Amino acid sequence: MCILYNSPPVVRLLFLLLTGSLHIASSFYLPGLAPVSFCEKDQAAKDQETPDCRSEIELFVNRLDSVESVLPYEYTAFDFCSIETEKRPSENLGQVLFGERIEPSPYKLHFKKNEECKHVCTKTYDTKKQEDKQKLEFLKKGMLLNYQHHWIVDNMPVTWCYDVEDGQKFCNPGFPIGCYVNKEGLQKDACVINGEFNEKDTFYIFNHVDIKIFYHVVENEAAGARLVAAKMEPKSHKHTHIDNPDCPDIPMDISNTFSGELKIAYTYSVKFLEDPNIRWASRWDYILESMPHTNIQWFSIMNSLVIVLFLSGMVAMIMLRTLHKDIARYNQMDSVEDAQEEFGWKLVHGDVFRPPRKGMLLSVFLGSGTQISIMTFVTLFFACLGFLSPANRGALMTCAVVLWVLLGTPAGYVAARFYKSFGGEKWKTNVLLTAFLCPGIVFADFFLMNLILWGEGSSAAIPFGTLVAILALWFCISVPLTFIGAYFGFKKNAIEHPVRTNQIPRQIPEQSFYTKPLPGIIMGGILPFGCIFIQLFFILNSIWSHQMYYMFGFLFLVFIILVITCSEATILLCYFHLCAEDYHWQWRSFLTSGFTALYFLVYAVHYFFSKLQITGLASTILYFGYTMIMALIFFLFTGTIGFFACFWFVTKIYSVVKVD
């Protein structure tokens, strides 16, 4: 990535927009983020006029999570060294919803002040005491499930970099509590890093960390230096002198059958190193470059883009040529004999705009789908500009929730407009369903998942106050805005159609297998899903495998391709059904592209069983509970795109043919 600094400005700008990465020129920083300068303690005392030049480096701890469990826990849940006197930093709505719990730590760092085997605290466990025994068992459970620490220095993750396949280095924004060697002597997870971790049925706790802080001295700017990387290496030391630790090479082992009194001393070492080659604006690069599958994603996305664009071009060309011939042929029919021999989609012109069955539900789905579509577009657009990067913690979720709340007006307007066009008269029911049906289903599912998290004592459980705040946003802002939108929607005249609807419905002839509703709906979702499933893998990885997602430019590109593909696939099938004299296109167009959500659900099930190592009933229920929410949102989004595309298409073709 760093080779881009020698590329022309246009190439660099295009790369930035596509990848959504954090390569920003040195004179331009991420919106909402500003660099902090650090000085040595003596210099900081002299430079009191410049409060930005600090000597103390705050190290924060975040929640602990695991790829083997969906349940994250707060740092203090594991009885590590903690500090209660300092105030916790404020968290935004997105961080709370994602379950982040950032707290101050007892690890004290000062700029350029190296430390060697410094003692933090000692934890004592007596297995004869029930409380101590429970704490030790919980710690063992965390090591068994490979729970990971997440530390933060200067808004950067403290990373653990280690060698992987093909001589590459992977930098993990977390490090494990410890590891376990099972009864057969098999080393699990991080135990493979040290050959001395070989005792059977034994836990090894990482009670020492070697921290390296890399800094860059700022030239021609404010005094001090800026931190550009924070790396660490977890180690296990069985200290011979607990009060005065010496960090020997003997690992700290905890036998699974241990009983009696156990003392664990936590220590750390810190070293400061200058690195003039890394700029502050590109300090996240070493983490992002080392992430697995990044190169695969580049190739796969470009490959998918070429295939989808080619298929889209083919569909568009066929549609344009065939339609042009149809319209020309229909408009040349002047005689009565010709009119009696009408065939194809012109035959159903008197029924094509007949109101669909369950028009109330369809209009409600269209309103909610419009709300989700606009929210997704705006969120991804801001993410491409760098506003919602991984450095801006919780910004992505906060932006999405706020946008959804504020977009109640278009939801109410669209639902009311189409419901009135369908001939509906129960406007109060329509408004209430638009405001409460789909959001209510999502909130009910979310609340049930939160009850499970509460029961398990997980840090991801949303506090009661936050739930009340979310309900307040929904009832006090989103619902009134939905009512306002519905008021203007019902006040306007119904949508005028280019042809009149006959009083008596036309009989639909016997359909072939391919033009029946179900086969068409099943086939319609294949192409849209084909253009997103590669990106879907990385999105699910970021959610469930705790990997950073930063390729928002590619995601935005795939979003645009998905909209185009859903539209074209639905229009193509709609045309075939109209040619077969089947005029029930409204629900079918919605379900054709909306069926992509079912393929997403199937893929999520496959991902769960083939890629994840999640164990436990609670974690399994949580995975599928949250997946159902994502599937519903995706169903409403894709279905709405398909309906609007088909509505535009049908209106367009019947407005350009002569109808007697």
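Glycine residues also receive a Cβ, built from the backbone N, Cα and C atoms like all the rest.
Since we're looking at a predicted model, the values are computed, not measured.
Here is what TrEMBL records for this protein:
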type: SIGNAL; residues: 1-27; note: signal peptide
type: TRANSMEM; residues: 298-320; note: transmembrane segment
type: TRANSMEM; residues: 364-388; note: transmembrane segment
type: TRANSMEM; residues: 394-419; note: transmembrane segment
type: TRANSMEM; residues: 431-454; note: transmembrane segment
type: TRANSMEM; residues: 460-490; note: transmembrane segment
type: TRANSMEM; residues: 521-544; note: transmembrane segment
type: TRANSMEM; residues: 550-578; note: transmembrane segment
type: TRANSMEM; residues: 590-609; note: transmembrane segment
type: TRANSMEM; residues: 621-650; note: transmembrane segment
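Highest Cβ contact count with the transmembrane segment (460-490) among the listed stretches 364-388, 394-419, 431-454, 550-578 falls to 394-419 (criterion: pairs under 8 Å). Same-chain residues lying 6 or more positions outside the transmembrane segment (431-454) and placing a CB less than 8 Å from one of its CB atoms are 71, 360-361, 363-365, 367-368, 408, 411-412, 415-416, 460-462, 467, 470-471, 474, 478-479, 482-483, 486, 618, 621-622, 625-626, 628-629, 632-633, 636. The stretch in 394-419, 550-578, 621-650 that contributes the largest number of Cβ pairs under 8 Å to the transmembrane segment (590-609) is 621-650.
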